[in-house]
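Report on one structure; see the data block that follows.
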Amino acid sequence: MSEAVPTSARKSKNAPVAPGPAPVLEIESLDMEARGVGRTMTEDGEPGKVIFVEGALPGERVTYSSYRRKPSYEQATVVDILRPSVMRTQPKCTFFGTCGGCSMQHLDMRAQVAVKQRVLEDNLWHLAKLRAETMFAPIHGPSWGYRYRARLTVRNVAKKGGVLVGFHEKKSSYVADMTSCEVLPPHVSAMLVPLRRLVEGLSIRDRMPQIELAVGSTVTALVLRVLEPINADDEALLRAFADEHKVQFWLQPKGPDTVTPFYPLDVSLDYTLPEFGIRMPFKPTDFTQVNHQINRVLVGRALRLLAPSRDDRVLDLFCGIGNFTLPLARLSREVMGIEGSDTLTTRALANARENGVDGHTTFACRNLFEVTGDDLRALGAFDKFLIDPPREGALAVSKALAEIAQSGAGPLPKRIVYVSCNPSTLARDAGLLVHEAGYRLKGAGVVNMFPNTSHVESIALFERD
């Protein structure tokens, strides 16, 4: 009989493994989260696990340390770079690697765009078995200081000397101890330390979890999420800060509907689309594109691809405050904008009036995630569609178009421009439009809306005979 092994000597599956040499891996590609991807080999020379290595780049030979192990893959961080990639560059930000705001600063900008283009192509092929007839040239813009919208977390952390204001640490709920940010506009980056001092002096320093910022053409708005009312001393501090830093404060005591301007009251946010003579007022909680410079180029490309004429009726789905609707109205007979938010629909109508295009526009509030073929038929015939959905994509719209095509009951637009912030849902919807609704994927390309991050914005053109 074998001798029983004492409980204290038995190996636990969670027991720490004795340290040994870090394994070596050849990195073949990047995934959608900007992690290096490699594959181990078995003793028989067969492909083994897929390893996702944070901080590694394609073409590199690295050692790594795994922090999560699954039967078919592991997640790891890079330990040492034995052979660096020619694409590797020195991150500009001191806090890169700790702060979760960026994930690709170590990758050359041209390579970043190339990686995103490949992510788009791979998604179209693997998820929809599609290849675009043409790959559009990428849309480029500023690499730094471009982020005109951000949500900053506020924490009073005694161990770190007081109040922190910034993005979350990478893969953590902790707030990064950051004193500057290279992707925020310089004047906002320079405000991070003064903001810390401001919050330190408020009576509700422990009851203000978040600051949302929105940068307009002439003013920067800061929305303070306040869980308790501010007192007179707080009000005085906010007014003094606003005067010194030329910002406008808004207060949000509860949900988004409770956001109200505090000080000063005689300024307002807007952005412009000079190519089309459009000025777009907005509130700091309205959805607007993060990168205003790229947005201008994106709107121009979308309209050139859609090619509206004075005879066209155009349907703009997920229209928001009218970012595409109003420029389209300059060039079309009629544009109808549909949005799921009543607040944004109201704002879009007001913007159309302010820009003198309300005679060519109509707006409606509808749940586009539940739209059907009958719903689209009820809107009447449209020559062209522009679709700009959130990350969830436009599945119901795509299914509705497929149903109309297959039933033969109802008109279909001859051209669709689809602007996407998620290549996976774009590929899914493209599969429906091509394989079930009879469209051709004429072209697709990336829009580098979020430099130094792994987010992939793209634009695609569909046509139907």
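Glycine too: its Cβ is placed from the backbone N, Cα and C atoms.
Long-range C-beta contacts of Cys421 (active site, nucleophile), restricted to its own chain and to partners at least six residues apart, with a cutoff below 8 Å, comprise Pro390, Arg391, Met449, His455, Val456, Glu457. Taken from Swiss-Prot, the feature active site, nucleophile covers Cys421, and the record attributes it to sequence analysis.
The annotation [4Fe-4S] cluster binding site is assigned in Swiss-Prot to Cys93, Cys99, Cys102, Cys181. Mapped onto three states, the DSSP output places Cys102 ([4Fe-4S] cluster binding site) in coil. Around the Cβ of Cys102 ([4Fe-4S] cluster binding site), the number of neighbouring Cβ atoms within 10 Å comes to 25.
Sequence annotations record features per position, and here Swiss-Prot assigns S-adenosyl-L-methionine binding site to Gln289, Phe318, Asn323, Glu339, Asn367, Asp388. Look at Glu339 (S-adenosyl-L-methionine binding site): DSSP puts it in a strand.
Per Swiss-Prot, domain 'TRAM' is recorded for 16-80. Mean pLDDT across the domain 'TRAM' (16-80) comes to 90 in this model.
Annotation comment: Swiss-Prot describes 1-22 as region 'Disordered'.
On the backbone, the CA of Gln289 (S-adenosyl-L-methionine binding site) and the CA of Cys102 ([4Fe-4S] cluster binding site) stand 17 Å apart. When the binding-site residues Gln289, Asn323, Asn367 are compared by the number of other C-beta atoms lying within 10 angstroms of their own C-beta, Asn367 comes out lowest. Shown are the binding-site residues Cys99, Cys181; the one with the most C-beta atoms within 10 angstroms of its own C-beta is Cys181. When the C-alpha distances from Glu339 (S-adenosyl-L-methionine binding site) to the binding-site residues Cys93, Cys99, Cys102, Cys181 are tabulated, the minimum falls on Cys102. Other C-beta atoms found within 10 angstroms of the C-beta of Cys93 ([4Fe-4S] cluster binding site) number 19, with every protein chain shown included. Cβ neighbours within 10 Å of Asp388 (S-adenosyl-L-methionine binding site), excluding its own Cβ and spanning all shown chains: 22. Mapped onto DSSP helix, strand and coil, the domain 'TRAM' (16-80) counts 0 helix, 36 strand, 29 coil. In the three-state DSSP classification, Asn323 (S-adenosyl-L-methionine binding site) falls within coil.
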